[in-house]
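Notes follow once the structure below has been shown.
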């Protein structure tokens, strides 16, 4: 009986030994296939779970100082662009608008541009009076000039040799008096004309200054109206209310935080990639996204932009690499991913949700460090190699060095000029000697009496 049991154990042991080798070989083959596939997957993909959904979070601040009369929204309420979120007390700003409007009306009334049919105004009336006075004085001045000219001509004729013998001395005295009186009136009217011109210029300057004052009053009115309109706090975007911090009747200061509006329209993803994998990522790479809150929905996206600096550069307390207790830590670089599909499910995403991203990369291409976000998304170099070769700029020829080498003998193309030898130029003019404006004296043999 014992022999039978021993033979049975040996048979089972031999059968087990015969089966273990095929199983081990199959296991090794399966592990090799899995490892090869995993290696191929890792070369063509970058996977990380350090990613979060981001969105626009607009902080609403108090535009002015005052009492908060009403708060028209509540926490988590959906709002649209332009929805009134609250109102500040506006009595003071309403009075400022009325004061600015009254100042503008007064200035326009002074100028005559307040909307009256005849356009009457103090400045315009003063300018019109000065212009009319100037026209009258100019007419009188023209008449006086004509009279003075006639009197002077008559006096000159009477003083000539032929006429002075036939007229008596009294007539000469009368003509002289008339000429003197006409010249005196002419001088007086010239002074009056100058004064009238000054009045016109003063009136025009006053009108121009009034125009400047009107423009200033319009600006003050616009500022007052803007301050009045800012008492209505409106939503700048479509979204939901979050972190409502105030209640009606609260005294708020200018710039005080009131609430936040979370946008419903713009959502994106930020994935923090290790610096050792960053060189493999290109703009336009396709991304598979899995949101932890929606495990059954597969989101698609593309790499939209690459951060210009690692995340640790923007920390409040930056890491000091020069300290004595330095520990090397692998840096993480943010990568922005834009969703492409399904667009209908993007509205369900909330900023701050965690996600896992799988970026499809090309292991054969080389990284380009300079990325211009204003240009369209860059495709794979393997696909557009012919196009890139055809559109590449021509090579710039290597410049020839200015200093001649020993093997190249320079050719003299022009006769060298000895700059040490002074060049003869025209005799300079002595500008210090003043030039006389008087004509040169005539020669000694010219009779100056008969020259004319």
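Cβ atoms here come from the backbone N, Cα and C positions, even for glycine.
TrEMBL: automatically predicted annotations, no manual curation.
Per TrEMBL, the listed range annotated as transmembrane segment is 16-36 (candidates: 16-36, 37-57).
Across the domain 'Multidrug resistance protein MdtA-like barrel-sandwich hybrid' (66-262), the prediction's mean pLDDT works out to 78.
Helix, strand and coil counts under DSSP for the domain 'CusB-like beta-barrel' (268-310) come to 3 helix, 26 strand, 14 coil.
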